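Taken from TrEMBL, the feature domain 'P-type ATPase N-terminal' applies to 40-107. Annotated transmembrane segment per TrEMBL: 82-100, 106-123, 301-323, 354-374, 940-963, 969-989, 1019-1042, 1057-1076, 1088-1106, 1126-1145, in sequence order. Here TrEMBL flags ASP422, LYS423, THR424, GLU566, PHE613, LYS636, ARG670, THR751, GLY752, ASP753, ARG853, LYS859, ASN882, ASP883 as ATP binding site. The Mg(2+) binding site annotation in TrEMBL covers ASP422, THR424, ASP879, ASP883. Look at TrEMBL and you will find ASP422 tagged as active site, 4-aspartylphosphate intermediate. What TrEMBL lists as domain 'P-type ATPase C-terminal' is 905-1155.
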Amino acid sequence: MTRGRIRSKIRRSNLYTFSCLRPQTTDTEGPNAVQGSRVVHCNQPQLHLKKPLKYCSNFISTTKYNVVTFLPKAIFEQFRRVANLYFLLAAVLSLTPISPFTPVSMIAPLAFVVGLSMAKEALEDSRRFVQDMKVNLRKVSVHKGDGVFGYRPWHKIRVGDVLKVEKDQFFPADLLLLSSSYEDGICYVETMNLDGETNLKVKRCLETTLSLNDDESFKDFLGKIRCEDPNPSLYTFVGNLEYDRQVFPLDPTQILLRDSKLRNTAFVYGVVVFTGHDSKVMQNATKSPSKRSTIEKKMDYIIYILFTLLVLISLISSLGFAVKTKYQVPDWWYLQPKKPDGVFDPTNPSLSGFYHLITALILYGYLIPISLYVSIEVVKVLQATFINQDRHMYDEESGNTAQARTSNLNEELGQVDTILSDKTGTLTCNQMDFLKCSIAGTAYGVHSSEVEVAAVQQMAIQEEDVDLSNFPKRRGGRHVSRDNVERASEIELETVITSSNENDLKPTIKGFSFEDRRLMNGNWSKEPNADVHLLFFRILAICHTAIPEYNEATGSFTYEAESPDEGAFLVAAREFGFEFFRRTQSSVFVRERYTNSGEPVEKEYKILNLLDFTSKRKRMSVIVQDQEGQILLLCKGADSIIFDRLSKNGKVYEETTTKHLNEYGEAGLRTLALAYRKLEESQYATWNNEFQKAKTSIGGDREAMLERISDMMERELILVGATAVEDKLQKGVPQCIDKLAQAGLKIWVLTGDKMETAINIGFACSLLRQGMKQICITTTNSDALVKDGKEGAKENILNQITNATQMIKLEKDPHAAFALIIDGKTLGYVLDDNMKHQFLGLAVDCASVICCRVSPKQKAEVTRLVKEGTGKTTLAIGDGANDVGMIQEADIGVGISGVEGMQAVMASDFSIAQFRFLERLLVVHGHWCYKRIAQMVCYFFYKNIAFGLTLFYFEAFAAFSGQSIYDDWYMLLFNVILTSLPVISLGVFEQDVSSEVCLQFPALYQQGPKNLFFDWYRILGWMGNGLYSSLVIFFLNIVIFYDQAFRVGGETADMEAVGTTMFTCIIWAVNCQIALTMSHFTWIQHLLVWGSIVTWYLFLFLYGMMSPLISGNAYQILVEVLGPAPIYWAATLLVTITCNLPYLAHISFQRCFNPMDHHIIQEIKYYKKDIEDRHMWTRERSKARQETKIGFTARVEAKIRQLRGRLQKKHSSNLSAS
């Protein structure tokens, strides 16, 4: 889009009423005292190269490691894990004579596991490094001396440098604004990265530096800044500028913060005050906390159990060995007991037992799965790759994909209980659309809000399975079928009216979705009360602070406004024929297209005063004089404020307008009332004298005086009408919230917006609905509370919480729903230790919770309260720097990668482009990842117990000698190759149901929060299965081979033959077990599962072919010893079947008599009942959702209950009448 040059000669500072006056100068002899020791020499950065003025560089690093610290820190991280520490000790001991294994069999697996984990850490940290370097290498224009500016990378900027920042560039450091392209030194700044707000902030320089407005003027510029030390406060700044032998006090209006963006201003000059990690945005950055998933934490307890088992059987083994050494070794002459070596010393059995304890701890170490951690990390990286590559989470508009920024929390996505969401930019686009209006008591606008359209669609889906192509779209959609409209109207939803075909072809206008022929194309002049309509449109076109920009591409004007609402009003005024096209210092110009003459007329309105909007005033007024000399006060504001200020003859349309406002509010629209007042010149002159006195006064009560005098003027108003704009929800937000609610998730909204806005969006998202009882916890300003102070306020809030809790407990209607709404000021009291648990108890009992006017710190505190108070998994989602705190505090942080700002994404664990993708991230990927990891971990412990305990049984069988029945290479390959790939395929590819079914049956998600697949019952069940398998594998093989020949020649089996047969049985049993565990097979899983078994035989063949110096007793073990023996193959078959029979019986019984939800769905899909019997499939889908009181589904069900109640009442009255 080509944007015209901004009018740089507008002295905007004159327009603002409630802005501070320009700072007063003070003498050099008595400068204002500044707390802080920082001294900045302007335009002399070389003076800051040595102490005490040596400040940090502008280089930013968010990495965990650097080249020097990587090795020590990464090794320390790896050996913080208890299991790795154990294996390190075992590897060291393997170098001693008491080890039952060769050193390579212990060191190689440990080196492989630790090396792979460190490589993963390096890869993830390198990505952070690349992101940092992208920021550090951005270029900005810097004064190099003699009035010459040149570009330099951000990381080379120093304190004291003078920078020239151009339009749409980010500020590379915290700067003191010296001048701008505007004559009076103002500039517009977007602080979305800092506070999440997209509306522009006005900054203004000191009057004394206004002349520094070109490159040459900095040739001899010198000055000194004394200011506060680096601190995280974004909204305060204390300092002085010593310039031209005077001292000027500085305040936040002169400070441009790093990562904010210059908008609507051609250029600014500024001097660097804080660089790098001293800047306020970096001072606000917190170290990313170390997050661990619930499953990983539970794994530690399982490891402790296995350690306990390991120590127990090692103690038994060493005790048995000590007894054998004392009583039986002296009789075993072949061991030469008379020449003891410490290990076999009949004279000192205690020492021999101690040595054997160490041997046993190493020997039975296979109970602890060394490859578990590395396998899980490999699986999680592959799972993260699938998340990143999911096309259904690709946003075409921005080109952004979903990103798993850390793979450690994949399974945690499947166990979320509560979602804490930001509003602006997360749920909404912060793009306002003018949709409806009420003028002179008549409602206009036939397009429906997204809430209404989605409700109609949802109702039709609830009634019967119909073709959605007949449903209406927002604009440019098809007609609504008559049946569907009638069905919707039966449940008292507003009938959706779509435009005709010719209107459907009209291009979409950003900010304007209004459609009504009665007002468009000048038809408003034919309406009754056309003069009121004229005033309505003029208020829209005049009452604002925006600046127009001519767009050469479209041939029309666009507007840079301080709020999206204001921009929408100006676009609406333009489309109605009242185009605001120019602003000067004292006037606005409007081109009116539809006049009595039929020709467009340009009208000038002189701006006499502008009474700006504040959150306290909740209104904005402008006093103008038209070309006829008539003075008018034009006002727009919250209806509650405007209606209280109406004159007696100004309430003609109050009743009907109030009705329309209520309807708009129910549709989730943001509303404002419009009014005006005609003023006499004498009346205005008298008031203006008072106003100017207040404006130029200096003192603490200046703002109060201005407020009082403004309030005097904003009285006796005449109501004109009301507007209804839609804060457009991001695409798919209502449907996503509905699906998440059906999945049993609780949703809290934490927003910096005012309460009215948050409530409107609550209705738009169906977090609130008509009939839901709203509990508003607020602080009141009564005289009693003022006297009692903080304690009185606390007591009052506590009473409100107690009463609300009691009300919920006494509620008898099972369908009653409660919504809790609280503001930031009240939260300040509530988050106190004495009250927060009562508040949390109330919040948990409510269907939805909305916190308004909350600060970034409060967002983090609320998140911590929910996380720690409920003990359940929390997920925080946001898009701005103000959301970083709660994103880092939550168990899982999700950042929205919007058009602007990446701070939330950089702090997050996962990033998505739109809120709607959260549905798929949780309900599909979260569900899959949880079940995959849970089953994988359980299986890992099963196979290691099944394998490790056979070593203990043989120990007991062989007089606790410390002899292993297996070859060292068998044991080395067991975890690393022969059983690792099938379990990785389970963790990566397993699906109990497809992604489509996950979305159709959202209640399946509750298997995660309820932890059905990783509770102690299931964990101990798998351990028991491992114990059973180990007993079968060892004793069945011993029984088969103990005292009978296994070859034609009559040879009996030696230890190598029995050990190889047992190992073959283990490989078959555990791989068949994992095949039974899988619900979903791909060719990859078949290849890895059955390929692992083939690999074992291939290894046995090749290993046996090697020289006896390498293969030892395993020389030709398969070809000559076991292969020709039928008993080897028969034993393998018998043991494998016996090991897996109980599990097969268990899952068969469960599916037949106690099936889980996914079992039923699998059976329906297998027999294709979803295709053959659609009615049954739809019925099952309607059952498969958690009972919820929020979302469109809950709204529809409430409407249906309401309708049924009325029908029953009507039926009863008919019966009584007859």
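FYI, residue positions are counted from 1 along the chain as it appears here.
Placement of Cβ uses the backbone N, Cα and C atoms for every residue, glycine included.
Using DSSP to sort the residues of the domain 'P-type ATPase N-terminal' (40-107) gives these counts of helix, strand and coil: 30 helix, 3 strand, 35 coil. Put simply, of 82-100, 354-374, 1057-1076, 1088-1106, the stretch with the most CB pairs closer than 8 A to the transmembrane segment (1126-1145) is 1057-1076.
If you look at the transmembrane segment (301-323), the same-chain residues 6 or more away from its ends with a CB under 8 A from one of its CBs are 82-83, 86, 349-350, 352-354, 356-357, 360-361, 364-365, 367-368, 937, 941, 944-945, 949, 952, 955-956, 959-962, 1019. Rounded to a whole number, the C-alpha distance linking ASP879 (Mg(2+) binding site) with GLY752 (ATP binding site) is 13 angstrom. Cβ neighbour count for ASP879 (Mg(2+) binding site) (all protein chains, 10 Å cutoff from its Cβ): 31.
Just so you know, the Cβ of GLY752 (ATP binding site) picks up 24 other Cβ atoms within 10 Å once every protein chain is counted. Closest to ASP883 (Mg(2+) binding site) in space, going by CA atoms and restricting to the binding-site residues ASP422, GLY752, ARG853, is ASP422. Residue with the densest Cβ environment among the binding-site residues ASP422, ASP883: ASP883, by other Cβ atoms within 10 Å. Averaged over the domain 'P-type ATPase N-terminal' (40-107), the predicted model has a pLDDT of 82.
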